[in-house]
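Inspection log for the structure reproduced underneath, given as structure tokens.
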Amino acid sequence: MKISDITAQAVGKWDYIFHSLGIEVGNGKHCPCPICGGKDRFRFDNQNGRGTYICNQCGSGDGLELIKHYYHCDAKEASIKVAEYLNLPNQSDQIREKTVFKKIDSEQLHNNNIPENHVCKKVEYLLYKTSLGQSEYLTKKGLTFDLPLLDNGRIFAPMLNLHNEYAGAQFIESDGSKHLMKGSNKKGAFILVSSIMSRPAEVCAKLRSHNEIIICEGLATGISIAEFRHRDAIIIAAVDAGNLIHVAKAVRELNPAAKIIIAGDNDIGNDKNTGKEKAIETAQAVNGYYSIPDTDFKADWDDYRQQFGLEKTLASFNANLIKPELQNSDLLINVKVKKELSGMNLSQMASSQRADLLNQYYGNNLAINLRTDEIYHYQDNVWQPISDKVLMRTLADLFTQSGELFNPLRISSAVESLRLSLPIMGIPQKDLICFRNGVYELKSQTFRPHNKQDWLLVSNDIDYYPAKENESFDTHAPNFAKWLKEHQAIKIRLKIS
Ligand SMILES: [Zn+2]
């Protein structure tokens, strides 16, 4: 069927066709352009039912022209999409060689629980049109890596999110210029650094179970890291520094046990070293690590590799791997309490108010053990005893800082008040093993984040990693398995006796 025949059949049906393809054209009034955006530069005037439009930015055309621009395709491809909608015979059944993805029909989409999302559909469509190959962009950088390429050689890098969908894509031209596909929802979405294209749901499953996940800004940086660091880590690119934290937090939520490494850029020389700041902030937020090139010039890990070679880059990457101190929420609260102190009069407070202030100073992380009458402080994921002396000194310190004289009686009475008002400690949960990065529940055999209310008193100070495939306590940690069994046996014996 000729293109002109298809467009003849489409007359009067363009608003439905656009709708089915996810192209929003409005109702004939000025609105954002589906191709180039803006606010009101576009108008769907649909002259003679031919699907015509006018955009102040990208010009005018008919329905087929709009589809061409929206899907970055030629007239033939666009007409096939129209023919599909109109149920006309077409040549869309030709099978592409080396196609990255077979087109998936809507039934399959439904079965995979992938929501019907226009951006997602557009990415699927464009991926279908790509073939895997070596790009000029990477050749110039001295990297060899297959990526999905569109006909003109530009890279089409799909972005995924952790809700099992494509959230958008990045186009990378051979000269290195990049832009996001229109409609992309970048926040928390990332590009998987891999030559094997996987569906978003498969990527989520991998991220959920993997021990080590590296997050960098750009795709080339990620490919470079894969090259010099022959380790079994999943590498994902967050596209820019500002998105690192959103991606890392989403990954952390999915996988509480993974070692997360932020491979940041060194943006030295700018007003603000955004790359470094964001990398540290992100590592802190997810209790992970960061590594940044220690150059005195602006560089990412790919620039570093180009200049110093694989071996030296690997050594430097490892040497610069840092785990930042966790942001101490107690310290932040201290600052807040101290600021408020200036306007307070501690001497005139009731002792219960002073007790309250003291508890606030410790981030409301105090509790009382009724059996021993000792006060405990929740710190580093466990409850630790804190002596009356320490508490009294702290309060004396607060008096001094507010510029007031203190009376030892007032201080000890505040600590006594504190004893009466603190929450009572619960019994430590027996079926939990407390690791540095979370707790393992023996009963359900799951790993989860720490919780104050577990009332745990000891932590083993070891990071927990989930078992790899074919790995079990019995085969890989026989002594621990023995201990566990004995532990269970003792419990059973105790129950019987
Ligand atoms: Zn436009």
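Any Cβ shown, glycine's included, is placed from N, Cα and C.
The domain 'DNA primase/helicase Gp4 N-terminal Bacteriophage T7-like' annotation in TrEMBL covers 28-64. Long-range contacts of the domain 'DNA primase/helicase Gp4 N-terminal Bacteriophage T7-like' (28-64) within its own chain (CB-CB distance under 8 A, at least 6 residues past either end) are made by residues 3, 7, 10-15, 17-18, 70, 75, 78-79, 82, 182.
TrEMBL lists 355-489 with the feature domain 'Bacteriophage/plasmid primase P4 C-terminal'.
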Could you break down the residues of the domain 'Bacteriophage/plasmid primase P4 C-terminal' (355-489) into DSSP helix, strand and coil, giving a count for each?
54 helix, 27 strand, 54 coil
Confidence summary for the domain 'Bacteriophage/plasmid primase P4 C-terminal' (355-489), mean pLDDT rounded:
85
